[in-house]
Amino acid sequence: MAQPLCEPRSESWILSPAGRQPPMPSDGNSVCSPAWSSDPWDGAQASSPAPPCARPARRAGTPGRRGTHGSRLGSGQRQSASEREKLRMRTLARALHELRRFLPPSVAPTGQNLTKIETLRLAIRYIGHLSAVLGLSEDNLRRQRHAVSPRGCPLCPDSDLAQSQSLGPRLSPAVCSGVSWGSPPAYPRPRVAAESWDPSFLYAETASQERQEMEPSPSSPLFSSDMLALLETWTPPQEWPPA
């Protein structure tokens, strides 16, 4: 019986996984090889690519979840900022509406619509008019401060000027009454005024005053009639022990 050219292949490699290769014949010169197989199922297995790994897909999905979370935070911050801006605008509109109530119809007519800038300008103009009517301008207030505090306030910017103005009238008579250094006085001065500045005269006057205070007069309460009677009846103590 003739021996076949190719050894019979086992069918176990057909049911093996896609990554496992069929067993190669031991004879290298054999013309039978898996590449020569005409089985279409075997060719489909060799040409089909390996299935992609699932792990990279999960990694790719992670940045998407982070991006979604960050977008939610950004939208929340934008919404809170818009809410704060709306609240600020409502507060400003309410304050300007309250200011509009204090403006008289002659300044702001009742049916006239005013913008925020126009309302502020009219209010400033009306306040300036009231200050002029009541005498509360800066010049009047400065005069009142000088009249109340002639010495000047240390916190006021014009305190030095006010102090110099207040001290000027006080010093002017003394300056006018004085004479130049080289010329003699126009009228003779009294001698008492000259003696009052003499040191010897001052010392003598002070000594006389002290002497008068040390010598009480009989009319003083220390030397009343009862005190004089006691002094007359008083006798000096005798020596002890007696001789």
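From the backbone N, Cα and C atoms, a Cβ is placed for every residue, glycine too.
Feature annotation from Swiss-Prot assigns compositional bias 'Polar residues' to 27-36.
Residues or ranges marked as domain 'bHLH' in Swiss-Prot (evidence: sequence analysis): 76-130. Model confidence over the domain 'bHLH' (76-130) is summarised by a mean pLDDT of 89.
If you look up Swiss-Prot, you'll see 1-86 (among others) marked as region 'Disordered'.
Positions annotated as region 'Disordered' by Swiss-Prot: 204-228 (among others).
For 153-157, the entry in Swiss-Prot reads motif 'CPLCP'.
DSSP assignment over the domain 'bHLH' (76-130) gives 41 helix, 0 strand, 14 coil.
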